[in-house]
Amino acid sequence: MKGLYTALMCSFDEKGNVNEKGLREIVRYNIDVQQVDGLYVNGSTGENFLISKEQKKQIFDVVKNEAGDDVKLIAQVGALNLDEAVELAQYATNLGYNAISAVTPFYYKFDFDEIKDYYNTILDSVDNDLIIYSIPALTGVNMNLEQFGELFENEKVIGVKFTAPDFFLLERIRHAYPDKLIYSGFDEMLLSASVLNVDGAIGSTFNVNGRRAKQIFELAQNGQIGEARELQKVTNDLIAAILDNGLYPTIKEILKVQGVDAGYCRKPMKALDAAGVKQAKQIAERHL
Ligand code: NGF
């Protein structure tokens with residue numbers, strides 16, 4: 001399960017329906033062109049928190065059908081409705097997803113016992129492994145080393161997607177739990193995380209920059225830090241430009257430049273205006 005995983009985008013039509021043809025093209029582009037090791041399906045980048053349970057299942061179906069066993073597949077099933085999270089975990093497991101992942105429950109300020117119960121309830125319902133999805137900036141849930149340790153006590157919790165700029169905590173987790181998988185979640189910090197010996201990374205920008213990200217990861221693993229730093233600089237020029245223009249709509253527009261039918265984002269996300277579309281095309285020309 002080690003390696004680089006694209007946090008997969010989903011193609012939607014103007015009304016917000018899943019554009020299955022476009023989604024298949026995104027899957028193929030990531031596997032055949034970006035050559036990533038795996039796909040992280042229905043995460044933040046997949047606009048998971050903006051779609052219905054039925055759409056989540058539809059996306060799990062289409063991605064598995066298109067990818068087959070070409071790459072590893074992780075299904076993000078986390079939801080505030082725990083019954084839904086359980087149902088999705090079972091659904092993805094039955095489809096053959098290699099692991100599930102669940103975002104820490106958010107919005108209500110759950111205490112740690114409640115968070116632990118959420119993970120154990122999901123895991124008790126499936127014969128599959130789970131990767132914790134920790135993204136404190138969006139969930140407001142900050143867990144400490146001891147709390148990660150308590151979640152890791154469940155052997156089916158095989159790792160964490162660590163989307164935070166806290167390298168002190170990252171190093172402590174790495175040191176304390178050498179057998180758990182740690183995936184770096186911020187693409188702009190991939191080199192720094194790789195130096196701390198993470199096992200892989202999961203990122204949105206890998207949809208268009210996966211090959212370069214993989215090089216950064218491999219160079220760092222080989223101790224070629226100077227070359228990795230150069231590539232991280234080029235990558236961060238790209239990421240800064242994407243963030244400036246609007247993260248998900250810009251990645252979709254760049255995919256379209258590459259001939260991939262990436263479609264629209266779900267409302268309330270805005271579509272790019274004409275200037276934004278032009279800017280996205282320039283980003284692709286200048287930075288890819
Ligand atoms: O998009 C976000 C939100 N984070 C992603 C990634 O951590 C999300 C990250 O790649 C993800 O894996 C998922 O879809 O679940 C950033 O977009 C990237 O580093 C640019 O900041 O923060």
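Glycine too: its Cβ is placed from the backbone N, Cα and C atoms.
What TrEMBL says about this one:
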type: ACT_SITE; residues: Tyr133; note: active site, proton donor
type: ACT_SITE; residues: Tyr133; note: active site, proton donor/acceptor
type: ACT_SITE; residues: Lys161; note: active site, schiff-base intermediate with substrate
type: BINDING; residues: Ser44, Thr45, Thr163, Gly185, Asp187, Glu188, Ser204; note: aceneuramate binding site
type: BINDING; residues: Thr45, Ile202; note: pyruvate binding site
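Mapped onto this structure are the features recorded in TrEMBL.
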residue	record	DSSP class
Ser44	aceneuramate binding site	coil
Tyr133	active site, proton donor	strand
Lys161	active site, schiff-base intermediate with substrate	strand
Gly185	aceneuramate binding site	coil
Ile202	pyruvate binding site	strand
Response to the item:
When the binding-site residues Asp187, Glu188 are compared by other Cβ atoms within 10 Å, fewest goes to Glu188
Worksheet, complete the sentence: Close in space but at least six residues away in sequence, with Cβ under 8 Å from that of Lys161 (active site, schiff-base intermediate with substrate), the same-chain residues are Tyr40, Ser101, Ile131, Ile132, Tyr133, Ser134, Ile135, Tyr183, Gly185, Ile202
Worksheet item: Counting across all protein chains shown, how many other Cβ atoms sit within 10 Å of the Cβ of Ser204 (aceneuramate binding site)?
Response: 24
Worksheet entry | Other residues, Cβ within 8 Å of Ser44, Thr45, Thr163, Gly185, Asp187, Glu188, Ser204 Cβ centroid (aceneuramate site) | Ala7, Phe186, Ile202, Gly203, Thr205
Worksheet item: What span in Å does the aceneuramate site cover, taken as the longest CA to CA distance among Ser44, Thr45, Thr163, Gly185, Asp187, Glu188, Ser204?
Response: 17
